[in-house]
Structure formats: C-alpha cells, structure tokens
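Features as listed in TrEMBL:
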type: BINDING; residues: S43, G44, G45, P46, D47, S48; note: ATP binding site
type: DOMAIN; residues: 399-471; note: domain 'Lysidine-tRNA(Ile) synthetase C-terminal'
Amino acid sequence: MWRWENDTFLSRASLRMLITEVRSYIESYDMLPHGGAVLVAVSGGPDSMALLALLHHLRAIYKSHLKVVHIDHQLRGREAVRDALFVRQQAARLGLPCHVVRVDAKRFRQTSGLSPQHAARELRYAALAKLQRQLGADRIALGHIADDQIETFLMRLLRGTGPAGLAGMPPIRPPYIRPLMSIRRQTLIDFLRVEGIPWVQDSSNLKRIYQRNRVRLDVLPILRQYNPQIDRRLYELTDMMAAEHHLLERQVDAWYPCIVRQRSRHKFLLQCRAYEHVPLAIQRRLLRRLTDRYLSVPAAVRFHHIERLRLLLTHGKVGQRLTLPGQWMVERHHDVATMWRGHAPADGVQAATLSVPGQTALQELDAVVTAEFLDAAPSPLAPGRDVVYIDAATIQTPLMIRSRWPGARFHPLGAPGHKKLKSFLIDQKVARVERERIPLVLSGAEIVWVVGYQLGHRFRIRPETQRVVRLQYLTRSTTSL
C-alpha cells in the first residue's frame, strides 16, 4: 500500500480499497494459512488497533481464528492498566478471546543491563512466542508499519550496521507477520476515524529519552527540510536492501555447509581453502551467520571482529590465533582453522564401547555414535562423512571407540594397503590440534572407521554381504538445528 501523502480519506469506498491493498500485501508474502489461528498483538495504539480491525475484516476470506494478546510491561502505572482494560473491551466487542500477559521489564532491565526499550522488546517477543506455543497459533501478527520501518532504518544507520541491518524488518519471519508494513500511520488513523474505531495514546511515545522518539520527533523533520520525499525514499531503499539481502542469504545457505563443520557444541572447523574461493560479500555474511548462531553475545561482534576473522582464514599463518567476544578462540592451521569456546580443546576421546545395535555418547565432543543392523545396504550406497555402512560379518562386537595411539595403522577404503594413521590424517590435512579428538571405531585392535574421514577397507560392503551395520556420528547441531 503505497500511500505517502497525508491526504485524509473521506469516503468509505477508499477505505475498502485499503482493505483490498492489505489483502494483496498479505497474499504476496503468503502470510496467512487458510484456516489458521492468528495471535494478534494489540497494544491499543492506532497501529495495532488498525491491524486488529483489518484482520477482522479479512477473517472470513482466510477462515482465520483470531486471538488477541496484550503485553503489559508494568512500566507505565495507571496508563498500562488502562491500556490492558481497553484492549480487553475491544476484543470483547469483536467477540474475540483476549490474553493479557504481564512481564516485569524493569526487573529484567536491571538484571540484563539492556536499555529500557530493548529489555521490553526481549520480554515481549519471549512472551508472544510462549503464548503461541501454548495456544497452538500458526502466526503472530505484529502492528509494525512503514513509519516504523523508516525509523528502524535510521536508528540502525546511526548506531552502525551492515547491509542486513539496513534491510529493515522483514514482512514475514514465521511465525511473525507484519501485514501493515507498507502503510503509513496517517492512512491508518484516517481509517480508524472513518470506521469509528477508538485507540489509546501511549504517553511514552512523546518522551525524547528514547532514541526512536528522537528519530521520529527530531531527526526526520530535519531530513524532510532537505528532501520532502525522504520518508518514501528511505522506505524504498529498505525494500531494495531486503530483496538483495534475501538473494545473498540464499548464497550463504549454499556455501555455509562447505565452510563450517561443527565438531561439538562449542567447537568448529572452518575450511580455509574453500573459504578463499567465496566472494567477499558472502565471506563476511557467512561469518556473521556463524557468530550470530553460536556466540553467546552476537551483538558484541563488530565489523572489525568479522574482518580480522576473515583475514585469518584467507591470509593467516599456521599457529596464528584470534580472540572473539564471549571467550571464543580461533586458531589457523594449514588448510583449516579451529574455532572453540573457553580453554584450548582437551586432548583425546575417552574410550568407550559401542553395542550393535546401540549408541554411545561422547561427552567431550557433545556427540553420539549410533549403530544399527540393516538387512541390506541402501541402493545406491551413499555413505557420507558422518555415516558409513559396513559388512556385519567382518566385525567383533561390541565395538570400541577411542582416540588414536602412537604407531596406529589404518587401511583406508580403496588404498593398496595399511599406512600410519598419522600419515593418513596429514594427507587429509587434519590440523594437529584436531587429531587427538577424532573418534576411532575399532573392531578388536583394527580401525573400522576414522569418524568423519574414511572407512577401513576390510569392512566395506561386498556383493556377497548378507547383513549390514550402519554407523552414524551425530553432533548436537545434527540433532537440534
């Protein structure tokens, strides 16, 4: 809905056009599943009241089951009590169930050290997610509008951000949807007035102690003096940035598994040689995704951290180390880098038995090795780095899991004969710091599988094989991400 002028809508027909435009926006992003339950977040202000009214108008089209939720942050005393009562009344007027959730934003701010608005936001989203799970809702509808997108863009720009931050808030990130993202506030206020729908004013929106308010009340009016169309231009820019962000993120999806290999909950291998061939823009985004996912304080990671890590992977010397926020370390080896949290990785894998069928947890690696019988190998046979198929007749059970030992020898699949395990790992360009932490699966004294690298030749599947054992190595990321 591209209405950037401040003209007042005078006709009900024009307002029906607004409903049509909102429907078109919803369908362009496939926001509402047919017959789905939608949790509508309503503060009582004009944006969320317009959201509730418009979704109520459209409920018959999508067969939506609307439920209202109001979050009381317990920050505004009587005004907060007034807002909660108002939302309950408006939900009742529409015949909709209403849930009021109270959170202690003041206390959370004191314990977390976050700003008042950031603390309230964290609690709000946590409360919405919890209620969504409890009620089994398919979507959570938020009342963000074009004005919010413009303000967010400027706030991030002033604070410092990258291309992803300038893309603004996405219209949809399941379960969250923002059906009014393209509509200006004045348009919604006109809609509410003509429809006779009341709303409440949050007095904190006028307090300049909050950055968003200063941007709206002070920064934007100054920018409009230089360009009266600045609101529209900024919104269009966020729209373009969002499209490019989506394209680049799909490229990160393709490169990420080639570069990042998770060894345990707090340990990764980064493939330096492959990383060197990644385009610069994807290199940075890939590292940002890694730090956002796993670092306990991703917000503390700045551009200079990403750049230093990128240069370590592309031009670092063997043994060079880098410290990242959250007690993370990265060390460069020949063709890989090791990234871990806390102290240097402990040596060795504690010896353990593996029953067939059965599973064995490797606590120090935060991983599990499983074994199961199959009547036949899958066809076509497609072993991977973390799964192998072996001839059951070639093994003695239970199997043993342990780390390497001095003088260990191994006959890799397809090789002419045995070689030192150390030589095999060097050929595989395994960093020295990693070699002690690679699990070995043994049958008797013979290596069946160097986990993550190669199967032993004698244990391969043959045409005459009658029964198969499937071995699989599962890290925390494999089972929970």
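Every residue, even glycine, has its Cβ placed from backbone N, Cα and C.
It should be emphasised that the depicted structure is a prediction, and the values quoted were computed from it without experimental measurement.
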Additional residues surrounding ATP, by Cβ distance to the S43, G44, G45, P46, D47, S48 centre under 8 Å:
V42, M49, A50, L51, G143, W199, V200, D202
By the count of other Cβ atoms within 10 Å, pick out the sparsest of the binding-site residues G44, G45, P46.
G45
So if I draw a 10 Å sphere around the Cβ of S43 (ATP binding site), how many other Cβ atoms end up inside it?
22
Using CB atoms and a 10 A radius, I'd like the single residue among the binding-site residues D47, S48 with the highest neighbour count.
S48
Please compute the mean pLDDT of the model over the domain 'Lysidine-tRNA(Ile) synthetase C-terminal' (399-471).
91
How many helix, strand and coil residues does the domain 'Lysidine-tRNA(Ile) synthetase C-terminal' (399-471) contain under DSSP?
14 helix, 25 strand, 34 coil
S48 (ATP binding site) - helix vs strand vs coil (DSSP):
helix
